[in-house]
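Participant: Summarising the annotation, Swiss-Prot assigns S-adenosyl-L-methionine binding site to K17, G18, R19, H137, N206, H207, Y258, F259, F260. Summarising the annotation, Swiss-Prot assigns Zn(2+) 1 binding site to C52, C55, C74, C78 and lists sequence analysis as the type of evidence. The annotation Zn(2+) 2 binding site is assigned in Swiss-Prot to C65, C68, H86, C90. The domain 'SET' annotation in Swiss-Prot covers 7-241, and the record cites sequence analysis as its basis. Residues annotated as zinc finger in Swiss-Prot: 52-90.
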Amino acid sequence: MKKEGIEGTERFLSPGKGRGLKAIKHFKVGDLVFACPAYAYVLTVNERGGRCECCFTRKEGLSKCGKCKQAYYCNVECQRGDWPMHKLECSAMCAYGENWCPSETVRLVARIILKQKHQTERTPSERVLTLRELEAHLDKLDNEKNEMNDTDIAALHHFYSRHLDFPDNAALTELIAQVNCNGFTIEDEELSHLGSALFPDVALMNHSCSPNVIVTYKGTVAEVRAVQEINPEEEIFNSYIDLLYPTEDRIERLKDSYFFNCDCKECTSKSKDEAKMEIRQKLSIPPEEEEIKQMVIYARNVIEEFRRAKHYKTPSELLEICELSMEKMGAIFAETNVYMLHMMYQAMGVCLYMQDWDGAMKYGEKIIHPYSVHYPPYSLNVASMYLKLGRLYLGLEKRTQGVKALKKALAIMDIAHGKDHPYIDEIKKEMEEQT
């Protein structure tokens, strides 16, 4: 395939940012700017049996691979379509049994290596940026990241050496770094993790904390839609990170994961920081600066502690961490403070896992309004929270509230996902069943 570009857009040199993507025509809110099929992708292990490995369709009665009995497909066409990639893992899963445990990154890298062997021309995923052009930032990796890369290389050799010829370690290190810096997480309508993929053309877009496009997924295809008016010659910006947090946290996260300092209008104006860091009103003695600073340090530490604890603590222990941390932070922070909201969101997730629907609903009700204030318009985080709440209400037979919440989710998803997205049809069906 020859280099053909993406209609309505153009690759260019963005001042101070390097290469980027700009509009050469007008896009209105909700317009599809472009779609990009995955160069390579992998369904996460936890979704096996519920979704097709090839097209990610969620449905009952999928057929499983007769050999490994672990991969599931819609039909023979999907199974055949996935076989070149699945054969990398099929016999290995049979041989290793429960000891077959490569990380998702390793699985994705193995598929990329296989594709590179057979694919010599540009693919439809590389109309404006090829995989080989992706940034790796090897010179900026610290010891911890280098060690993780070495672990991934060892796992590649361990699990895939029978079916793959590997490039040398230097090339492998670069490829893994490219995937870590440019890979995408495919998520469903509730932002649950479905898999990992590489979309080179989507990776060309630079970051802004006030993005004018949003990326959603239709199966294994990424769709980029305008969430602000975009005029000709304006740069097209995506967001690489969760935008809930204050400027200092966002800058730190972008520096750590993507190796650049963000100077977007949101980071220079810090216009939302005061609301995001809301302090409790009506305290008899307002907290001093140092107290607030110490509480922020505590909040960041507890967020990291909880992230690690998810791997080994029980749900009730996790809920206790959430409740104790909210109690401590609540002495200074308002309930609308993003660190409080973070722990409420985690607590809601634990309640959902434990099937404590009332508990999940109570947290969701506290979260939804501040989310709508803190996030930019047409945020998937806000849409998914309305969806979760709507479905909780319906499950608890609060029909009116349920339908109202689902309608609010749909208003965002019509723009972010496009009116013809299968998720929208599913939600409309859920609403029709209530009439």
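Every residue, even glycine, has its Cβ placed from backbone N, Cα and C.
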Participant: Just to confirm: which same-chain residues, 6+ apart in sequence, have a Cβ under 8 Å from the Cβ of R19 (S-adenosyl-L-methionine binding site)?
Facilitator: R11, F12, L13, L129, L204
Participant: Against which stretches of its own chain does the zinc finger (52-90) lie, if we need a Cβ under 8 Å and a gap of at least six residues from its ends?
Facilitator: 40, 42-43, 100, 107, 110-111, 114, 118, 160, 163-164, 186, 188, 194-195, 217, 219-220
Participant: If I take the alpha carbons of Y258 (S-adenosyl-L-methionine binding site) and C78 (Zn(2+) 1 binding site), what is the distance between them in whole Å?
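Facilitator: Approximately 35 Å lies between the Cα of Y258 (S-adenosyl-L-methionine binding site) and that of C78 (Zn(2+) 1 binding site).
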Participant: Provide, as an integer number of angstrom, the distance between the C-alpha atoms of C68 (Zn(2+) 2 binding site) and C52 (Zn(2+) 1 binding site).
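Facilitator: Rounded to the nearest whole number, the Cα-Cα distance is 15 Å.
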Participant: Determine, for the Zn(2+) 1 site, the additional residues of the same chain whose CB lies within 8 Å of the mean position of the CB atoms of C52, C55, C74, C78; present them in sequence order.
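Facilitator: Along the chain, the qualifying residues are E53, C54, F56, T57, L62, Y73, N75, E77, G81, D82.
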Participant: Give me the long-range Cβ neighbours of F260 (S-adenosyl-L-methionine binding site): same chain, 6+ apart, Cβ under 8 Å, in sequence order.
Facilitator: K17, H207, L254
Participant: So how many of the residues in the zinc finger (52-90) end up helix, strand or coil by DSSP?
Facilitator: 15 helix, 5 strand, 19 coil
Participant: With every protein chain in view, what's the tally of Cβ atoms within 10 Å of the Cβ of C90 (Zn(2+) 2 binding site), excluding that atom itself?
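Facilitator: Excluding its own Cβ, the number within 10 Å is 19.
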Participant: For the binding-site residues listed here, C52, C65, C68, C74, which shows the highest count of neighbouring CB atoms within 10 A?
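Facilitator: That would be C52, with the highest Cβ count within 10 Å.
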Participant: Out of C65, C90, N206, the binding-site residues in the record, which is closest to C55 (Zn(2+) 1 binding site) when you go by Cα distance?
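Facilitator: Closest by Cα distance to C55 (Zn(2+) 1 binding site) among the binding-site residues C65, C90, N206: C65.
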Participant: Just the number: how many Å between the Cα atoms of C65 (Zn(2+) 2 binding site) and N206 (S-adenosyl-L-methionine binding site)?
Facilitator: 40
